[in-house]
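J.: The following block contains the structure, expressed as structure tokens.
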Amino acid sequence: MFRIPSIDVAMAVIFGIGYAGIIFEESLAFNKSGVGLLMAVSLWAVRSIGAPSTDIAISELTYAFAEVSEIVFFLFGAMTIVEIVDAHQGFKLVTDNITTRKRRTLLWVIGLVTFFLSSVLDNLTSTIAMVSLLRKLVPPSEFRKLLGAVVVMAANAGGAWTPIGDVTTTMLWIHGQISTLQTMKDLFVPSAVSLAVPLALMSLTSEVNGYEQDSSNVMASKQTAPQGQLVFFVGIGALIFVPVFKALTGLPPFMGILLGLGVLWILTDAIHYGESEKQKLKVPQALSRIDTQGVLFFLGILLSVSSLEAAGILRELANYLDTHIPSSEMIASVIGLVSAIIDNVPLVAATMGMYDLTSFPQDSQFWQLIAYCASTGGSMLVIGSAAGVAFMGMEKVDFFWYLRKVSGYAFAGYVAGIAAYLAIHNLPISLPTTVAQVPFLSFLVHKL
């Protein structure tokens with residue numbers, strides 16, 4: 001009769017040790033993907049011992065793996081599409097149109113471009129593309145570091161208001177906690193506020209109000225690959241079409257992303273037919289360049305969290321939070337703060353296991369705040385998001401520089417965004433709904 005509590009403790013200890021290994025990846029020199037996979041298998045092995053029978057544990061694992069696989073295949077397809085577009089230098093269509101050298105203007109332009117780019121792409125890809133652009137626009141300086149920090153905040157904010165902009169919003173969307181157009185409508189303003197506040201505050205600093213940039217610092221860009229514009233529009237169109245495909249067919253999003261990948265695969269094969277020197281522009285080579293270890297990390301984390309859910313540990317944690325933090329808005333806000341330190345993927349996965357759709361229905365304030373807080377909360381520390389980690393590596397930014405120069409602005413934006421969301425939903429404020437009244441989109445709203 002005392003077996004179940006001891007099993008729960010064992011699983012909690014394994015998860016804690018594994019999570020510590022992920023957090024201190026750099027210090028321990030262990031790759032987090034390997035740690036995640038080892039943790040997942042260990043947790044499910046312990047779960048099989050503690051379950052009433054092995055058949056029940058296998059049934060739980062089969063169900064969990066089916067759900068996790070949807071996210072993994074979606075990420076796999078989306079990352080491949082983005083890699084194909086990037087190989088054709090398709091993103092130059094965006095970056096080459098930024099020509100201003102005024103510091104304050106450049107600050108806002110970089111922020112806004114990243115904000116909207118990240119709403120379609122993932123925040124990691126948007127950060128890599130925009131930081132690469134900064135190297136062409138601005139020489140190494142304190143100002144370039146600030147612009148890079150703006151990219152991180154804008155990428156995380158932009159990923160919060162669309163289902164395909166951040167892996168956490170994608171997770172919530174795939175599992176039905178949020179819908180497409182309702183999320184875009186309700187989270188756009190808070191996400192925009194979370195970026196506008198830091199930009200406004202940073203515009204007052206001496207680094208931004210300095211002299212204009214010298215255009216002689218602009219470096220030569222690579223030429224767009226043949227048919228790069230076509231690949232760009234087809235690739236971005238494939239990503240945007242995923243929610244439409246889900247609305248029209250009712251099939252899960254990963255089927256839509258695989259459809260887009262198949263179309264782009266055939267297109268690039270046709271464009272580069274007989275060009276042996278252009279193999280790097282085709283899908284097989286793109287598959288070899290995507291972040292496979294990142295996908296395996298997500299697999300390990302999501303399977304680990306699902307084991308805790310199967311054991312009932314997450315439900316007990318949810319009951320504890322409900323007892324001690326009665327406000328769902330406060331719970332979501334705390335999760336956002338924690339995401340500045342701990343990766344937001346397992347945080348959101350754990351939250352999804354703690355609360356089901358009977359506790360909070362689709363598009364409730366709780367799930368929308370989770371989508372917003374988990375995405376934007378990671379901006380408060382440079383290690384709090386994939387975008388921040390990428391920026392830190394590309395620009396050699398120190399953790400404490402970011403903490404000293406940027407964290408305050410990011411926190412102000414985070415709080416302002418939450419305040420904007422609560423004000424919109426709890427005060428008699430009427431926002432324009434013109435987009436939802438377009439005939440075709442109104443059909444999507446009904447379907448979604």
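Here the Cβ of each residue, glycine as well, is placed from N, Cα and C on the backbone.
Take a look at what TrEMBL says about it:
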type	residues	note
TRANSMEM	7-24	transmembrane segment
DOMAIN	20-352	domain 'Citrate transporter-like'
TRANSMEM	61-85	transmembrane segment
TRANSMEM	105-134	transmembrane segment
TRANSMEM	146-164	transmembrane segment
TRANSMEM	230-248	transmembrane segment
TRANSMEM	254-274	transmembrane segment
TRANSMEM	295-314	transmembrane segment
TRANSMEM	334-357	transmembrane segment
TRANSMEM	369-394	transmembrane segment
TRANSMEM	406-424	transmembrane segment
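Please go over these features one by one and say how buried each is and what sits next to it.
T.: Beyond the ends of the transmembrane segment (61-85), by six or more residues, the same chain brings 44, 47, 91, 121-122, 125, 164, 167, 170-171, 174-175, 231-232, 235-236, 238-239, 252-254, 257-258, 260-261, 264, 268, 281, 283, 286-287, 289-291, 294-295, 298-299, 302-303, 306-307, 309-310 to within a C-beta distance below 8 angstroms of the stretch.
For the transmembrane segment (254-274), the list of distant contacts is 69-71, 73-74, 77-78, 80-81, 84, 174, 226-227, 230-231, 234-235, 237-239, 241-246, 281-283: same-chain residues at least six beyond its ends, Cβ to Cβ under 8 Å.
If you look at the transmembrane segment (369-394), the same-chain residues 6 or more away from its ends with a CB under 8 A from one of its CBs are 123-124, 126-128, 131-132, 148-149, 151-153, 155-157, 159-161, 165-166, 168-169, 172, 177-178, 183, 187, 190-191, 194, 294, 328-329, 332-333, 335-341, 344, 347-348, 351, 402-403, 406-407, 410-411, 413-414, 417-418, 421.
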J.: Can you say which of 7-24, 146-164, 230-248, 406-424 has the most Cβ pairs under 8 Å with the transmembrane segment (334-357)?
T.: 7-24
J.: Sort out the residues at least 6 away from either end of the transmembrane segment (406-424), same chain, that have Cβ-Cβ distances under 8 Å to it, and list them.
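T.: That would be 146, 149, 152-153, 157, 186-187, 189-191, 193-198, 201-202, 329, 333, 336, 365, 368-369, 372-373, 376-377, 379-382, 431.
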J.: At a threshold of under 8 Å on Cβ distances, which of 7-24, 146-164, 295-314 pairs most often with the transmembrane segment (230-248)?
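T.: Comparing 7-24, 146-164, 295-314 against the transmembrane segment (230-248), the winner is 146-164.
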J.: Within the same chain, where does the transmembrane segment (146-164) have neighbours whose Cβ lies under 8 angstroms from its own Cβ atoms, ignoring anything closer than 6 residues to its ends? I mean 6 or more beyond.
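T.: Here the qualifying positions are 78, 106-107, 110-112, 114-120, 122-124, 126-127, 130-131, 134, 138, 170, 172-173, 178, 180, 183-184, 187-188, 190-192, 194-195, 198-199, 202, 205, 207-208, 239, 242-243, 253, 371-372, 375-376, 378-379, 382, 385, 387-388, 391, 394-395, 397, 402, 405-406, 409-410, 413, 417.
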